[in-house]
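Step one of this worksheet: look at the structure below.
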């Protein structure tokens, strides 16, 4: 609450209160500023004698003294440094054969070996995208619109196929369905685009057009004419009867993220928080103004020398040099002085022979001697172990092996198989809406240079055309993420699989297990790689091709639902289109191996798809 008013003064002082508790230890005070110079104090008592002064500096070197008394017998001196190397003496007589010398020091480390060849690609790991979350409960279906009125005109005759009609008017928007009962979930990131729906049924055949004028008869066939101008749009026909119910569409993917909602209302005030911890001591305040000089204090009582510790005084000033003292006893040998070197003294008397010294430490290792003369040839050594089996004849048989990496990196040939060339993995071509397939196990599927349209077409009039029709090429794809827009120019490079053609000692074949186990190679054959059983493929216009199941091209090292991409030759772009399909051999469960009907299934998770695809292995016979 607020502070109360000051109370009235008491008439008399009360009794003294009880003794308070000792206060908490205060924080260390800050250093105060230097005070003003005080008045000179009273002369103190005589202090204790000071410490002995520090030794004075060295005096100048004295004059050379007279000859001293011969000293005591000295200790044997240290071994001197080895003298300089003597001159080369005359060659001595050949000595007897020496003892076998010690083992030499280990030699220097050998050079690093050459880089090994790239190993075969391992099996695909499990680093796929996790399974999608559970699907919410579908909302209530909206009301069905009223059917249109039936047409009045009778059906017309079947005419020639007319030009594509104009797009119809948009129909009225149906009423919105009721809100679903499922709780609202979090909106994930936009999913990949869904598959393209099935093509709709053909429209009714138009009326036959008028007959054209008769053409003139020429000797030579003319060039194809220019494209005609599109005719005027025909009148809209009467509405037709309602069609049959369509095939249910595929499950749609998650929609795109919706817009951000409006900010919510302000929440209620929270409860008051707990009291905070005690704060740190504040910074020192500013220095206050200098106070007035204080009064001179009274002289203090005489000091008690026993109660006060004696503080040693400062070293005294060096006193005057005293008189020269008497000659003292010979002291211990001092350290060498810094004066000038004196004159050499007279030679002393020869001392007695010293006691033989202790054996000195072994000397340093001498220099390496000169190389000896070559010895006589030794006896022949024992016969060595037989060497490993050779690689066979000095040439291969001319069989070709094609490897497709399904990445943007060139694959390495197996050990012992030289590489002939590298390139890009061509799957098939489409011209005049007809497909021409390439077996991925043959060398023709590895083109050295990539092009979205690697061919032209020619006619009997000696004229060739390039990039004037909607021709296409299809290539094995790499592991890059699916792009949202068609790729062009340098954007295409990371999406095309690389390949290599190698020379093999024998023909390679593929074996398929039709289950999840890796099939073994035949006896006396070795493995080149393992993979998944790739059967066939289709693209635009239901055109495509397939792989022979004995060909190595039917065993791709990695499984992908979209293993190839389409390149539009004329536009120079590539993309993964929704009408591209890949077909794979599947696993056959043991309970369905006796001519039983398969059960339909839809697999959306990558791991479940891999478990359904047959495994395979490519083998080659030992040479």
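Quick reminder: no glycine exception, Cβ is built from N, Cα and C everywhere.
Copied over from Swiss-Prot:
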REGION    1-392  region 'Disordered'
REGION    1-392  region 'Triple-helical region'
COMPBIAS  29-38  compositional bias 'Gly residues'
COMPBIAS  81-91  compositional bias 'Low complexity'
COMPBIAS  147-163  compositional bias 'Low complexity'
COMPBIAS  164-173  compositional bias 'Pro residues'
COMPBIAS  230-242  compositional bias 'Pro residues'
COMPBIAS  262-284  compositional bias 'Low complexity'
COMPBIAS  344-353  compositional bias 'Basic and acidic residues'
COMPBIAS  376-385  compositional bias 'Pro residues'
DOMAIN    398-623  domain 'Collagen IV NC1'
DISULFID  413-502  disulfide bond
DISULFID  446-499  disulfide bond
DISULFID  458-464  disulfide bond
DISULFID  521-619  disulfide bond
DISULFID  555-616  disulfide bond
DISULFID  567-574  disulfide bond
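Where Swiss-Prot records a feature, it is marked here on the structure.
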| residue | record | contacts (Cβ under 8 Å, 6+ apart) |
| --- | --- | --- |
| 446 | disulfide bond | 402, 404, 421, 422, 423, 424, 425, 426, 499, 500, 501 |
| 464 | disulfide bond | 456, 457, 458 |
| 502 | disulfide bond | 400, 401, 402, 403, 413, 414, 417, 418, 419, 420 |
| 521 | disulfide bond | 511, 527, 617, 619 |
| 555 | disulfide bond | 510, 512, 529, 530, 531, 532, 533, 534, 616, 617, 618 |
| 567 | disulfide bond | 452, 453, 472, 473, 474, 475, 492, 573, 574 |
Most Cβ neighbours inside 10 Å, all chains, among the disulfide-bonded residues 574, 619: 574
Average model confidence [pLDDT] within the region 'Triple-helical region' (1-392): 58
The one of 413, 458, 499, 616 whose CB sees the fewest other CB atoms within 10 Å, among these disulfide-bonded residues: 458
